[in-house]
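First the structure, in the form of structure tokens, and then the observations on it.
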There are 2 protein chains.
Amino acid sequence: MTTINRNYRKLQGSYLFSNIAGKVAAFSQKHPEAEIIRLGIGDVTQPLAPAILKALHRAVDEMGDAATFHGYAPDLGYDFLRNAIAREDYEARGCQISPEEIFISDGAKSDCGNIQEIFGTDNRVAVCDPVYPVYVDTNVMAGRTGEFDRERGNYRGIIYMPCREEEGFVPQLPQETPDLIYLCFPNNPTGAAITRERLQEWVDYANRTGAVILYDAAYEAYISEPKLPHSIYECEGARECAIEFRSFSKNAGFTGVRLGFTVVPKSLKRDGAQLWDLWARRHGTRFNGAPYLVQRAGEAVYTPEGKSQLAGQIAYYMENARIIREGLAGAGFTVYGGVNAPYIWLKTPEGMKSWEFFDYLLEKARVVGTPGEGFGACGEGYFRLTAFGDRENTRRAVERICRL
Amino acid sequence: MTTINRNYRKLQGSYLFSNIAGKVAAFSQKHPEAEIIRLGIGDVTQPLAPAILKALHRAVDEMGDAATFHGYAPDLGYDFLRNAIAREDYEARGCQISPEEIFISDGAKSDCGNIQEIFGTDNRVAVCDPVYPVYVDTNVMAGRTGEFDRERGNYRGIIYMPCREEEGFVPQLPQETPDLIYLCFPNNPTGAAITRERLQEWVDYANRTGAVILYDAAYEAYISEPKLPHSIYECEGARECAIEFRSFSKNAGFTGVRLGFTVVPKSLKRDGAQLWDLWARRHGTRFNGAPYLVQRAGEAVYTPEGKSQLAGQIAYYMENARIIREGLAGAGFTVYGGVNAPYIWLKTPEGMKSWEFFDYLLEKARVVGTPGEGFGACGEGYFRLTAFGDRENTRRAVERICRL
């Protein structure tokens with residue numbers, strides 16, 4: 001008798017952003033005239049930078065000539081891209097990461113979701129609360145959790161680390177000792193950043209307890225304060241306890257282009273195995289590489305033109321963040337984030353529930369955001385807005401919200 | 001204490017094609033002057049067709065303009081591509097598959113590897129022997145098998161279905177009843193095809209026993225005999241028991257472009273669940289879509305120009321297949337495949353072991369093929385050559401082998 005993976009039955013509703021898309025589609029159908037502004041899902045709106053377009057066109061031309069055609073990519077990615085990443089993202093920041101420790105993929109969402117497969121199902125998982133749902137849902141699917149506890153609003157068996165307003169939304173070291181610790185800084189959804197000193201405490205903790213840190217640095221390009229760490233490998237000892245995920249989605253506008261990478265240091269060992277070996281085996285068996293075109297586009301991100309154009313793009317989005325943050329603060333909202341991250345995390349007014357505020361904002365202001373509760377129980381009472389809209393829409397959204 | 005997924009320890013050596021790549025690299029280093037011809041990994045060599053290049057350039061231009069920029073793709077793929085597939089690959093062959101039942105992905109390897117996740121780990125898996133290693137290795141990693149049995153040369157707990165020369169390399173219905181049955185026709189590696197009548201027997205068997213067929217039709221475009229089925233949905237009752245995988249790698253030269261799709265009919269139910277729901281959830285949680293550019297390239301495959309250009313490309317490769325088949329047969333080899341598939345499956349001469357023949361061919365003819373044993377115990381004594389080389393190299397490879 002064929003059985004399904006019954007862990008899927010534990011999952012709540014649908015994937016958060018699919019859920020929001022459904023609600024917005026239903027509203028649009030009912031109000032076809034409504035001009036909806038979407039500051040919900042963290043999707044970018046600015047076109048690809050000229051240096052990237054040029055690289056893409058050139059790569060397409062190469063694919064049209066047998067002499068320069070590219071078939072299957074090397075298992076772990078093209079050297080031209082892995083070398084550029086090692087040099088620009090790590091060596092330039094004083095981190096010792098070699099090109100072979102960099103695994104090119106189709107994006108950080110896939111990597112964050114896939115990484116748990118190389119670990120046993122008996123590991124205890126710790127996540128921040130609120131949290132990017134992919135970390136939790138993929139562990140639910142893999143059977144590392146119990147059932148959903150309706151009363152507490154989260155899954156049994158997971159160690160939730162509350163990120164509280166009064167602590168700058170950075171979690172405390174957990175009471176129970178986890179085996180796998182997901183951290184994301186700059187944080188999605190709260191927009192909080194972590195200092196090098198605080199991150200070092202986590203690295204020391206992991207090395208002390210034997211836990212592995214799964215560090216999502218997808219938003220590092222938005223860090224504006226000079227002393228904050230862009231990579232966990234800026235901390236001493238991180239090569240012995242941390243895996244890092246990076247994305248091109250937010251720093252280069254690749255949400256629809258799909259490119260990311262994961263760093264697994266060769267010195268990271270657990271349970272008698274080198275994690276690099278396991279991830280390489282998973283990569284080689286389950287995946288056939290990111291498209292050649294896309295890897296060339298990724299390479300262009302690190303050229304002088306690419307870097308300068310993308311700095312402009314990030315400045316554009318961060319100006320949006322400033323407009324939202326200052327606009328809403330001026331209207332009396334309590335707002336966080338938006339300084340080292342493209343997310344603004346606001347307290348819902350008058351103790352409204354976050355899905356209630358979602359409906360209210362959609363209905364009255366025709367603005368889509370993301371309810372904090374969708375990121376976990378501790379997200380209740382908060383709401384995420386993204387700075388990835390275009391300027392005009394961002395201004396209008398803020399005006400509409402302030403007029404409510 | 002962090003544990004690894006110990007099922008990985010059961011895996012034998014490295015992934016087959018990584019293994020071959022390693023051997024070839026070592027040989028090249030030792031003999032830098034050697035002109036090696038690669039007919040091993042099934043990688044294409046012809047450039048992308050003009051209709052596809054045009055679509056790619058146009059899509060790149062769209063990504064450069066905020067008005068036509070595309071961010072995150074719809075979870076399950078763009079309608080323009082799903083509609084084209086439903087119309088051209090299914091409706092045109094009399095199969096009832098709706099666009100919503102088609103899930104766009106980054107390739108059939110990913111899908112074939114990921115599909116097992118939606119099933120329980122207690123399912124019994126049946127595979128052909130020889131077999132594309134991804135079906136087996138992904139189930140080993142997930143814990144659906146026992147240890148590797150060195151004596152038998154395969155994994156305990158898997159139902160291997162021998163594909164024998166005297167039976168045209170089509171397996172018999174298994175003695176033990178499996179829950180999940182992987183079938184691939186036209187077959188990789190043997191190049192064998194299956195008739196509609198024989199495939200119908202499998203569909204009837206699955207519906208009788210409750211098993212699910214995981215049907216890999218990545219090579220359907222190479223079918224030259226008019227009566228053979230291109231899709232399992234040409235069989236009656238397949239909507240109730242089969243999932244189908246398709247690839248753009250071989251019919252459109254997308255090995256380095258990355259695009260594929262999986263069909264999960266909404267009428268396919270097991271264990272109280274609609275498999276469509278589970279796969280949609282997996283897709284939405286673990287994946288962020290194939291690149292917009294690439295989905296537009298896929299759409300171009302179905303245009304009149306695209307179809308005519310790709311028919312030419314397939315004819316080119318199939319002429320290679322004829323050259324290999326007839327050349328080697330003329331030199332006294334026993335050869336199979338190459339009529340409805342781009343693979344030639346030959347018996348190693350004088351009872352040589354297949355890895356022995358691999359080394360011999362690399363050493364003496366500087367031709368790379370794939371040892372049959374790499375595909376399973378029943379592949380021992382056979383060797384796979386692919387028709388995906390360019391004409392000149394294919395001719396030279398055949399000459400070199402015939403001269404031995």
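Cβ atoms are placed via backbone N, Cα and C, with glycine included.
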Taking TrEMBL at its word that A:TYR72, A:ALA108, A:LYS109, A:TYR132, A:ASN188, A:SER247, A:PHE248, A:SER249, A:ARG258, A:ASN288 bind pyridoxal 5'-phosphate, choose the one of A:TYR155, A:TYR215, A:TYR219, A:TYR222 listed for that site.
A:TYR219
Chain B neighbours, filtered from recorded positions A:LYS109, A:LYS250, A:ASN288, A:ARG384, Cβ-Cβ distance under 8 Å:
A:LYS109, A:ASN288
Cα separation, A:TYR72 (pyridoxal 5'-phosphate binding site) to A:ASN288 (substrate binding site) (Å, whole number):
7
Under DSSP, is A:SER247 (pyridoxal 5'-phosphate binding site) helix, strand or coil?
strand
Among A:TYR72, A:ALA108, A:LYS109, A:TYR132, A:ASN188, A:TYR219, A:SER247, A:PHE248, A:SER249, A:ARG258, A:ASN288, which the record lists as binding pyridoxal 5'-phosphate, how far apart in Å are the two most distant Cα atoms?
34
Nearest to A:TYR72 (pyridoxal 5'-phosphate binding site) in three-dimensional space, by Cα, is which of the recorded positions A:TYR132, A:LYS250, A:ARG384?
A:LYS250
Mind giving me a neighbour count for A:TYR132 (substrate binding site)? Other Cβ atoms within 10 Å of its Cβ, every protein chain shown.
23
Taking only the Cα atoms, work out how far A:ASN188 (substrate binding site) lies from A:SER247 (pyridoxal 5'-phosphate binding site), in Å, as a whole number.
13
Report, as a single number, how many Cβ atoms besides its own are within 10 Å of the Cβ of A:LYS250 (N6-(pyridoxal phosphate)lysine).
27
